[in-house]
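A.B. asks: Quick one: this structure, given as structure tokens, is what I'll be asking you about.
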Amino acid sequence: MKPAPRWTQSQSAQQVTHAMRPCRELSAQQPELSDAALVSRSWAMAFATLISRITGFARVVLLAAILGAALSSAFSVANQLPNLVAALVLEATFTAIFVPVLVRAERSDPDGGTAFVRQLITLTTTLLLLSTTLSVLAAPLLVRLMLGRNPQVNEPLTTAFAYLLLPQVLAYGLSSVFMAILNTRNVFGPPAWAPVINNIVAIAALVGYLVTPGELSVDPVRMGNAKLLVLGIGTTAGAFAQTAVLLVALGREHISLHPLWGLDQRLKRFGAMATAMVLYVLISQLGLVVTNQIASTTAASGPAIYNYTWLVLMLPFGIIGVTVLTVVMPRLSRNAAANDTPAMLADLSLATRLTLITLIPTVAFMTAGGSAMGSVLFA
């Protein structure tokens with residue numbers, strides 16, 4: 001009869017580590033939301049998005065009232081540039097890709113995806129810093145691209161605003177990454193309310209513009225003009241305030257932001273998906289550029305009028321469509337990672353029903369009363 005094997009201390013530690021590993025992985029994974037919880041959070045996010053849109057409209061209406069349509073056009077064109085650059089580099093469109101990749105890392109990595117998140121933040125921050133610097137240096141070229149030849153819009157003023165507003169590329173890009181990370185942890189409140197903070201700071205900048213003595217220098221444009229600096233820097237501060245709200249939320253979730261250099265294999269695979277997404281975004285932004293060129297050469301107020309119309313048009317989609325997608329995506333991604341096809345189909349069915357039930361009557365109302373809404377808000 002053989003004696004029972006003697007376990008060394010190192011062997012015992014290995015066994016304990018092996019036994020604890022699944023528990024650690026399971027604890028890192030986030031609990032799934034039930035259908036009722038998903039619907040509840042969708043409505044909560046929709047309310048936050050509604051407040052964001054209301055404050056956004058207040059911001060645009062105040063801008064139009066304070067500057068007038070012609071000067072608002074110069075500001076609107078310049079303020080579109082950070083969104084255009086950030087969308088091409090890393091912005092909100094990529095959140096739909098980030099979430100599935102983060103969910104798989106959370107599910108499969110022994111540390112619950114902590115190292116992967118650190119690598120992702122390090123890589124994207126570096127990319128965004130480079131893109132922000134290049135876009136600020138290229139501000140005159142970007143403005144010329146947006147306005148086209150012989151624009152009616154004040155090109156020097158648009159360029160001056162662009163220099164002050166293009167640093168928002170960094171803020172918007174980081175906000176997209178932070179939102180994706182929070183969404184994978186079923187944290188939807190701060191990402192939904194952060195844009196409200198952005199709008200409040202921007203409205204405060206408009207109030208600051210009003211109380212600042214002097215006039216906005218238009219001919220010639222002076223970069224040192226107090227009103228120009230208050231409006232431009234104040235608006236950019238709003239974008240960074242939005243990012244700061246998300247940073248606080250990440251801290252509460254105990255998410256490490258310490259740099260970790262390296263390129264995970266999943267980031268390389270993500271690069272292939274991102275290339276296709278960049279092509280998609282490039283085509284859509286090309287339409288924006290052409291539209292701005294047409295509007296800019298038609299009238300000095302053209303870009304502002306188009307921007308007002310676009311805001312009204314996107315209101316239902318922003319409140320309902322984006323909200324449902326944001327809440328459903330983490331659960332859908334986890335079911336996809338688990339190869340649970342019936343659960344994926346159930347998620348898609350729930351998202352489709354929620355979207356259609358709310359969007360169809362809203363679109364009907366907007367179709368009937370959209371012109372009246374535009375007149376009340378911007379006439």
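Cβ atoms here come from the backbone N, Cα and C positions, even for glycine.
What TrEMBL says about a protein is an automatic prediction, not a curated fact.
Below, the features straight out of TrEMBL:
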{"type": "TRANSMEM", "residues": "60-78", "note": "transmembrane segment"}
{"type": "TRANSMEM", "residues": "84-103", "note": "transmembrane segment"}
{"type": "TRANSMEM", "residues": "115-140", "note": "transmembrane segment"}
{"type": "TRANSMEM", "residues": "160-181", "note": "transmembrane segment"}
{"type": "TRANSMEM", "residues": "193-211", "note": "transmembrane segment"}
{"type": "TRANSMEM", "residues": "231-250", "note": "transmembrane segment"}
{"type": "TRANSMEM", "residues": "270-288", "note": "transmembrane segment"}
{"type": "TRANSMEM", "residues": "308-329", "note": "transmembrane segment"}
{"type": "TRANSMEM", "residues": "350-378", "note": "transmembrane segment"}
A.B. asks: Before we move on, state whether the transmembrane segment (193-211) and the transmembrane segment (115-140) share at least 3 Cβ pairs under 8 Å, counting only pairs 6 or more apart in sequence.
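C.D. replies: Between the transmembrane segment (193-211) and the transmembrane segment (115-140), contact is absent.
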A.B. asks: Looking at 115-140, 160-181, 308-329, 350-378, which one has the highest count of Cβ pairs under 8 angstroms to the transmembrane segment (231-250)?
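C.D. replies: Comparing 115-140, 160-181, 308-329, 350-378 against the transmembrane segment (231-250), the winner is 160-181.
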A.B. asks: For the transmembrane segment (60-78), what are the same-chain contacts with Cβ under 8 Å, counting residues 6+ beyond its ends?
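C.D. replies: Same-chain contacts beyond the flanks: 143, 146-147, 153-154, 157-159, 161-162, 164-165, 203, 206, 209-210, 216, 218, 231, 292, 295-296, 300-305, 307-308, 311, 377-378.
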